[in-house]
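According to TrEMBL, the features are:
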- 247-267: compositional bias 'Basic and acidic residues' (COMPBIAS)
- 269-282: compositional bias 'Polar residues' (COMPBIAS)
- 242-282: region 'Disordered' (REGION)
- 6-26: transmembrane segment (TRANSMEM)
- 46-63: transmembrane segment (TRANSMEM)
- 69-92: transmembrane segment (TRANSMEM)
- 104-124: transmembrane segment (TRANSMEM)
- 130-151: transmembrane segment (TRANSMEM)
- 163-185: transmembrane segment (TRANSMEM)
- 191-212: transmembrane segment (TRANSMEM)
C-alpha cells in the first residue's frame, strides 16, 4: 500500500510507531525471568490480555479506514507481542492462573471482539460503522488511560517511585503526544481524543517522580500489601492476592517472610510493567 500521508503526518506516525514499539517491549525482562525460572512468580496475565484486546480493536478500526497503514503497523506489532507474552504466561503459569487466563481470552478477546465485529458489521454501514467503532475504541482507551490514577495514589502514599519508572512514563507521554498530533493532522477525532488523557497522566507521573525521587522511605509490610492491591486493581479486574504470613504464629521462619516480601515486590513490578503494554496502543 502506498501511503498518501502528508510528510508531517507521516513523520508523527513513524515516531508514534517507534515509541510504541519501545513501550511494547518494556515487559521483555519480566518474561525473560519467567522463562529462566520456569515460573510466573505470581505475575498477573490480565494487563497483557487487555493490551491484546485494545490492539485488536484499533487494528479493526484502522482496517475500516483508508490510508491508515501506520495505525495498522503499530497495532499489528502490538497484537503479535502481546500474544507472545500471553503464550509464555500460559506455559509457565500454575493451573489456576492458566485456566483464568484462558477463560479471560475466550470471554474478552474471542467473545467480546467477535460480538463487536458482528454487531458493527450487521447493524451499521459505511461511515456509521467507522464512527460507532471509533467511539468504542475511545471509551476503552479512556478507561485504560485512567489506570495510572491508582499507581499515582500508591506513589503519594508510600513516597516511593520504585514501581513507576521515569523513562517508562516519559515514553508513554511521548507516545501519547505523537499519536495525538497524528490524529489531529489526520482529522481523526477517535485517535486524537484519548491521547489527551494519556498525555495529562504521563506528565503527572513525571511530576510525581521528580517530587518523590529523592525520598528514601522504606515501604513497610502493610503499605507494601496495600500498594500491591492498588496496582492489581489498576487493570480493572479481580485477582487473588497472596496472603501475608501470620504475625501471631510463634516460631515463624524469617527466611520465609523475606521470600514472601520479595514475591510481593516482584508481583508489583510485573503488574506495573504489564500496564505499560496496556497504555501504549493509540
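Note: Cβ is positioned from N, Cα and C throughout, glycine not excepted.
Keep in mind that what you see is a predicted model, and the values were worked out from it rather than measured.
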Inquiry  = Pairs 6 or more apart in sequence, C-beta under 8 angstroms, 3 or more of them: is that satisfied by the transmembrane segment (6-26) and the transmembrane segment (130-151)?
reply    = no
Stretch winning on C-beta pairs under 8 A with the transmembrane segment (104-124) (pool: 46-63, 69-92, 130-151, 163-185, 191-212) is 46-63
Checking 46-63, 130-151, 191-212 against the transmembrane segment (69-92) for Cβ pairs under 8 Å, the most are found for 46-63
